[in-house]
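Accompanying notes for the structure given below.
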Amino acid sequence: MEKFMIPPEFDLPQKGRSEEAVKRWRAAVGKLVKNRRRRFRYAADLEKRSEAKEQMKRLRENIRVCFVTFKAALRFMEVAGQGKFIPSEGSSVPVEQEVEPDYQNGLPEEAKRAGFQVHPDKLASIVSSYDIKTLRKLKGVEGLSDRLNVSLVKGVNTNDVPTRQNIFGQNSYTEKPSKSFWMFVWEALHDLTLIILIVCAVVSIAVGLATEGWPRGMYDGVGIIFSIFLVVMVTAVSDYKQSLQFKELDKEKKKIFVQVIRDGFRQKISIFDLVVGDIVHLSIGDQVPADGIFVSGYSLLIDQSSLTGESVPINIQEKRPFLLAGTKVQDGSGKMLVTTVGMRTEWGKLMETLSEGGEDETPLQVKLNGVATIIGKIGLVFAVATFSVLTVRFLIEKGLRNEITIWSSADALTLLNYFATAVTIIVVAVPEGLPLAVTLSLAFAMKKLMNDKALVRHLSACETMGSATTICTDKTGTLTTNHMVVSKTWICGTVKEVDSNESSKLSLASNISEKVLAVLLQSIFNNTGSEVVTDKDGKTSILGTPTESAILEYGLRLGGNFDEERRACEFLKVEPFNSEKKRMSVIVALPDGSKRGFCKGASEIILKMCDTVISSEGETVYLSEERASDLLDVINGFACEALRTLCLAFKDFDNDGSNEISVPESGYTLIAIVGIKDPVRPGVKEAVKSCLAAGITVRMITGDNINTAKAIARECGILTDDDLAIEGPEFRTKTPYEMSQIIPKLKVMARSSPTDKHVLVKISRSILREVVAVTGDGTNDAPALHEADIGFAMGIAGTEVAKESADVIVLDDNFATIVNVAKWGRSVYINIQKFVQFQLTVNIVALMINFIAACITGSAPLTAVQLLWVNLIMDTLGALALATEPPHDRLMERPPVGRTESFITRTMWRNIVGQSIYQLSLLLVLTFEGKQLLGLTGSDATAVLNTFIFNAFVFCQVFNEINSRDIEKINIFRGMFSNWIFSGIMFATVAFQIVIVEFLGTFASTVPLSWQLWALSVAIGAVGMPIAVVLKCIPVGKSKHNVDSEKQHDGYEPLPSGPDLA
């Protein structure tokens, strides 16, 4: 049945789908779409994507040409003996023989008054075209900063920001204007069937006025028009609110913050507040926020593949100073002067096109498009058959009365009503709401998740997370608080507890010499990627990673002065922390002219690089194997206490007068071992327990020592005695088959690299067929985040590169938030199943009752206006009621849905068929025997019966909607009254049904009913509830996908017994 309802063209993977596959499913939809504008509103615009690809090709070619020209110009200048590129401070500038062109040509008076001496367009072309020659004429970055009236040390004056935005533009990109509410009304009116019905209504009014006069002749036509108006307005309101939710979420996605220097102080601002002249700090994983010129930095490596397509990163330095917006910092750190922002950058122009391409449809949206297409085709057949049967019967009856040649306007009106009924059957039969219900449910979930600190970047991630079987999580900041402090130290053979309430310097001074303390402070303050900064109020704070901040804070408590230590030394070489090498190194020139290198990183790795250790008197002592073994015991002792361990070491170099020196791999002297405490987050243990109950395996992937990792994993409830913990170097030596054998028991991977994480995810997905969620925060985590079914980036500790590769950003870096996303993902999946079950039941009954009645009696019991109301109940209102149900804790007590599992389960078919049989049997009995059963007599007996059938049918749907709140459980009232959306829609549906029957009979072809018939209508609908209880007691077998796997089941628990049945 699944293959019939969802053809293979509509079964697409979440990731890695080809453009041909997308085109195939859209072609399979064919012409049977009532409203293409609405159905494909949130589908990817393939034409715009094609335009973006072409623009990308042109952009890449332009950049490539400019870059080649730039390298040629560099070579020419070097050969011509023009010397080095203008360095930063205090260097002489080669005198240019050419007359300097007027860079102020066309510059507005406002800009001249503000002290700017270069036109924005000219400035933009310098960077975008790699115009090294012009930059030299402007005397490099110093000359350019003078023309921009900005200090490279103090940065932009905050008071100048509005002026700079007026002259050079804002750092924002042109976006498609938001649609107004009336635009959604206009789109809703593009429904082909509604257009046909409007035409029918107009013709009906014209014919009615001619035959029955005013006002009676208008009733049928006006009734249809009013129903269409109601459908259009409710649809437009729903779609408009949904678009506002997406707009709000889109704003959140684009929130990126950068570190700049303004008013002489370092501060964090939004990239949208960035202006020309800002001095921006760049570090590993950052996205370059605007075009600019390199000011200073160390080992700055830029990945330009997003712009140029070239995978080889570019080393940025004084000779190669151009930085383009949209590129990524792969390694190193630096400062840049912003020269171009917003739409003047090539990235801005590209983003304008890319933003119009839209997002890929989610797998559920595509599947339900398939269901809608199949049901629509069935409905079309029934509509044509119904119209044909009614017309043939009408003609036969005229022939029997010998009136086949006699035609009146009344006959035309009858045929028109038949046609309107057939068209309305198509309106009901083609469930446009199915794929849109997915969007509605996802939008609702995304908004709620945003409030719960999870920003969903891709719609599909929210629904896929409901099927996750494995979560591969980082330790630091996700399972732990990321509020680190140095808790224990080993210095000069002595282990010390670091008490936060006393001065560490006093306790250390009695055991070590000032010489050791001086070396320790040099190591702490020079070998760091963080900074100690003072704000306008004089308050000192540390900017950097939690680990670095903990060590810097420890150094400050030892009495060290960050600025003094940094000024005393000149940096010769910097190697920032690297997740592969797991260390950071610097080489500096000391005040006495000697050179010293510092190294800091993973304790076992640094210890192996040391052959001496510093004594308490400051002398270097040989590190014997026995002593090294003792130090390993110290490291393991710290690790077993769940402390993150780091070693600090140094090495002195011979003074040969050369500044060209490489970072050594050995020969260091060990200074200290520090143990950093990072407590487990509150609530993590409960979240892990919830995952295990839900059939989700949690694996911890960390770069820490294996003993630290085990201790934290046990505290979180991830690792038990039967589970496996392994180190990355050991894991990567195994074959894919060996990996697949150990992964099911693997719970902890320590000393892992980003490559290990990527391999683990790949094997889990490809061989073990797991649905894998993975967390990441670093630049090198991007491949694993991209490979996983769902990638989670950390909002606080995560780099922009990681965030861009992720599907969900965890704004509070909390593991419990990830579990919450899984709960909402399951809720979305189950909610859509509820809606599909409800809508398919209405489809079957509405089609069959009209068709069978037309074949036997020659008339359809449900008129066009009534069917339009039913369509509104089951489409827009049904989606709002069922697709927005919030999650409950019981969702995390059932296993996840497998990759190959049917969406429309056997349980759902049982409920659909059972309810359809009851409703259809009842309505057919009423259609043919209703007058006798109800004792209806008189001239209005037929009108009363048809009204009663319509009323009973609507109440059957109302109670079936309540039944659909839980597909398996008997207690369908749990949480219903706390869900105001569901309760409100139920109340509104019943209230409007009363209005239609009692007060709008002229337009809806109804008559007022007695209270007894009202009570009977409600009772008939309510009988569906005990029938649902009986149906839920009928066992259904597992699908063939579940025979061999308990994990991949039909999405529900086995039917409970006893008290649990409720």
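Glycine is treated like the rest: Cβ placed from N, Cα and C.
Unlike curated records, TrEMBL annotations are generated automatically.
Taken from TrEMBL, the feature domain 'Cation-transporting P-type ATPase N-terminal' covers 140-209. For the domain 'Cation-transporting P-type ATPase N-terminal' (140-209), the model gives a mean pLDDT of 84.
Within its own chain, the transmembrane segment (192-211) is flanked in space by residues 34-35, 217-222, 224-225, 228, 231-232, 408-410, 412-413, 416-417, 419-420, 423-424, 426-427, 430, 864, 868, which lie at least six positions past its ends and keep a Cβ under 8 Å from the stretch. The feature transmembrane segment is assigned by TrEMBL to 192-211 (among others).
Residues or ranges marked as transmembrane segment by TrEMBL: 217-237 (among others).
Summarising the annotation, TrEMBL assigns transmembrane segment to 374-396 (among others).
What TrEMBL records for 416-445 (among others) is transmembrane segment.
Feature annotation from TrEMBL assigns transmembrane segment to 840-860 (among others).
For 941-959 (among others), the entry in TrEMBL reads transmembrane segment. With a cut-off of 8 Å between Cβ atoms, the residues of this chain six or more beyond the transmembrane segment (941-959) that come close are 838, 842, 845-846, 849, 861-862, 866, 869-870, 873-874, 919, 922-923, 926-927, 930-931, 934, 986, 989-990, 993, 997, 1001, 1005-1007, 1009, 1013-1014, 1016-1018, 1020-1022, 1024-1025.
Counting residues 6+ beyond its ends, the transmembrane segment (980-1005) has Cβ neighbours under 8 Å at 219-220, 222-223, 226-227, 863, 865-866, 869, 873, 877, 880-882, 884-885, 943, 946-947, 950-951, 954-955, 958, 961-962, 965 in the same chain. Here TrEMBL flags 980-1005 (among others) as transmembrane segment.
Feature annotation from TrEMBL assigns transmembrane segment to 1011-1031 (among others). Only residues 6 or more beyond the boundaries of the transmembrane segment (1011-1031), in the same chain, are considered here, and those with a CB under 8 A from a CB of the stretch are 910-911, 914-915, 918-919, 922, 934, 944, 948, 951-952, 954-960, 962-963, 970, 972.
Positions annotated as compositional bias 'Basic and acidic residues' by TrEMBL: 1041-1052.
Per TrEMBL, region 'Disordered' is recorded for 1041-1062.
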Per-state residue totals over the domain 'Cation-transporting P-type ATPase N-terminal' (140-209) - DSSP helix, strand, coil: 45 helix, 3 strand, 22 coil
Within-chain partners of the transmembrane segment (217-237) [C-beta distance under 8 Å, separation at least 6 from its ends]: 38, 181, 184-185, 187-189, 194, 197-198, 200-205, 207-211, 413, 417, 420, 864-865, 868-869, 871-872, 875-877, 1000, 1002-1005
